[in-house]
Amino acid sequence: MNAPTTVADSVTVPVSLGDRSYDILIGKGLVERAGEEVAKRLKGVRVAIVTDENVAAVHLERLQASFARAGIDSTPVIVAPGEKSKSFATLETVTNAILAAKLERGDAVVALGGGVVGDLSGFVAGIVRRGMNFVQMPTSLLAQVDSSVGGKTGINTAHGKNLVGVFNQPQLVLADTQVLDTLSPREFRAGYAEIAKYGLIDRPDFFAWLEANWQEVFSGGAARTKAIAESCRSKAAVVARDERETGDRALLNLGHTFGHALESATGYDSSRLVHGEGVAIGMALAYRFSARMNLAGIEAAERVEAHLKAVGLPVSLAEVPGGLPPAEKLMDYIAQDKKVTRGTLTFILTHGIGQSFIAKDVPPAAVLEFLKERLAIA
């Protein structure tokens, strides 16, 4: 696993993919340094900055000024905030805006926003002119520690989440920790779920550190930077081993099979459930289901739930506002999960804290019965 290196006010985590390797820069002031960092790596480019209305109001002017100082022309493309922008309609709108600006294949798409903007922009960059340069500038904690790293891009459909997309690695990730100060407490908590996930997958020491230091992560400073860097280091190591998720990269989906089903069931309505909240509930359910299947002790599930509750995250189906459909309908959403192979269910389950594994051929009847029990409690 590549160790992060510290230079000036930022930490650099390398993602090792041969001639497609790139750096993740983590630290304060990277919006102001963006033009300089992009100019170092991509000579003579113009950029399209894809962002949403909320992020644009706070950060777009500073980013455009940074590019202007570096002699880089920029064209903003602003979309509506929220998961519903991960759609064919918005994909078409952004694509047409970039083509109308006459950007060329050697130019770059810059994603300034959270996971929605990053996933959408990366997909656009992968298909416009058969592939443009791509820079991630994640502005949410969730995007900084997860979706901006590793090259997964895409949009949602009526059939489920992230079902249409491409693998498209960025040339650079700039994670400005200062922009996290503008997040709502709910958004920050949602991103923290993905940080906790890395400890639960295979780093029990990191999970224990989070249990002891989560309040400092929330308040900012060195603990926050460390948590982000360690999360990126974990993900970078997995991506380097298994870029296209043919093996253990699937471990990164801990909590996501249940979580994505809940997002689909709530219509991607962020007033009811955001992605990180779905992941938190999904991880709690994965640990509960593992205990039910006699794969792990119930004390591991209780420890996970206790920590997620401590930071203010939901851990049960009862905490999803507006109610949920019957277990059979949730199973329909689970059947659309990307890990389904030839109709058989694959889950990320666990033997304990930091002992996650890929469980294939999980009996659908067992999952259905488990969901019925959890819904009954709700």
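Cβ coordinates come from backbone N, Cα and C, glycine included.
Annotated features in Swiss-Prot:
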type    : residues                                             : note
BINDING : G115, V116, V117, G118, D119, T139, S140, K152, K161 : NAD(+) binding site
BINDING : E194, H256, H275                                     : Zn(2+) binding site
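It is 9 Å from the Cα atom of H275 (Zn(2+) binding site) to that of G115 (NAD(+) binding site). In this view, G115 (NAD(+) binding site) is surrounded by 25 other Cβ atoms within 10 Å of its Cβ, with every protein chain counted. Within the set G115, V116, V117, G118, D119, T139, S140, K152, K161 that the record links to NAD(+), no two Cα atoms are more than 21 Å apart, and one pair reaches that distance. Same-chain residues that are not part of E194, H256, H275 yet have a Cβ within 8 Å of the Cβ center of the Zn(2+) site turn out to be L142, D146, S147, A193, K197, G255, G259, G276, G278, V279, G282. Distance between Cα atoms for S140 (NAD(+) binding site) and E194 (Zn(2+) binding site): 12 Å, as a whole number. Over all protein chains present, the Cβ of D119 (NAD(+) binding site) has 26 other Cβ atoms lying within 10 Å. K161 (NAD(+) binding site) sits 11 Å from H256 (Zn(2+) binding site), counting Cα to Cα.
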